[in-house]
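Novice: Sharing a structure with you now.
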Amino acid sequence: MAEHGERPARRDPRRRLAAGPTPKHVQLGAILRDLVEHELPPDSAVPSERELAERFGVSRLTVREAIGRLVAAGLLTRIRGKGTFTARPRLETPPLTSFTQEIERHGMTVTSMVLTCGEEVPTASTSTTLGLAPGEPAYRVCRVRMADGTPLALEHGWFSPKRVPGLLDHDLTGSLYNLLAQNYGVLLDHGRQTVWAAEADVSTARLLKVRTSSPLLVFRRVSSAGEHPVEDTTSWYRGDKYQLTMPLDRPGTTGGPHHPAQGGTHER
């Protein structure tokens with residue numbers, strides 16, 4: 001035991017990984033994962049490959065493989081020319097919530113960039129969904145949604161002029177759900193959503209600031225107020241910033257209440 005006034009000896013930062021059946025990149029990955037999950041806050045810089053290789057007595061190739069697996073798991077992110085950083089937790093939300101509310105709940109600031117808006121004739125599928133006659137125009141609003149300045153999603157939305165006349169005369173940079181409620185008394189209370197995976201094309205990658213072919217989650221949502229369909233929106237979400245969670249129950253069991261599968265969603 002150190003005597004009074006004497007500083008305890010500092011632990012040697014160099015640490016050799018154990019020899020054995022567990023590959024060294026797996027051992028190092030477990031150490032780094034524990035560091036990321038329990039000690040380092042989001043956006044913290046991770047030591048360089050050279051520093052980690054020296055500290056743990058492994059090759060830089062081993063370090064690169066360990067870090068690569070954590071990047072793939074969404075725990076770390078690489079920024080070219082700057083280094084490797086701890087990633088922010090992926091957003092996970094319940095259905096039919098406001099994008100603005102959900103992002104602010106995570107302590108971030110919401111902004112939107114309107115790309116285009118106007119009256120256009122939608123596809124036959126969207127016309128049928130919104131209860132429009134063939135050739136009847138609808139409002140189209142395309143936006144990039146951001147949290148703390150980071151693009152999260154690209155939205156292409158169609159809205160029924162029958163339900164929200166004059167929509168394009170309003171400020172479209174905020175929450176459209178709030179706008180519909182406050183200016184039209186339209187409360188979107190239910191909807192149907194389809195989710196699939198896709199790769200970012202050149203245009204989408206540029207808007208979301210990701211590499212071409214980066215993984216995306218695509219949501220197509222049809223939302224209604226009562227019996228009246230109001231919006232038909234497709235959103236492309238960054239796969240490194242978002243995740244989908246669904247409660248699952250086996251039909252016919254008595255272990256708990258049965259829930260229809262529904263998950264985290266894009267928000268407005």
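Quick reminder: no glycine exception, Cβ is built from N, Cα and C everywhere.
Quick paste of what TrEMBL says about this protein:
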type	residues	note
COMPBIAS	1-11	compositional bias 'Basic and acidic residues'
DOMAIN	22-89	domain 'HTH gntR-type'
REGION	1-23	region 'Disordered'
REGION	248-268	region 'Disordered'
Novice: Take every residue in the domain 'HTH gntR-type' (22-89), average their pLDDT values, and give the whole-number result.
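Specialist: So the average pLDDT across the domain 'HTH gntR-type' (22-89) works out to 85.
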Novice: Per DSSP, what is the residue tally for the domain 'HTH gntR-type' (22-89) in helix, strand and coil?
Specialist: 36 helix, 9 strand, 23 coil
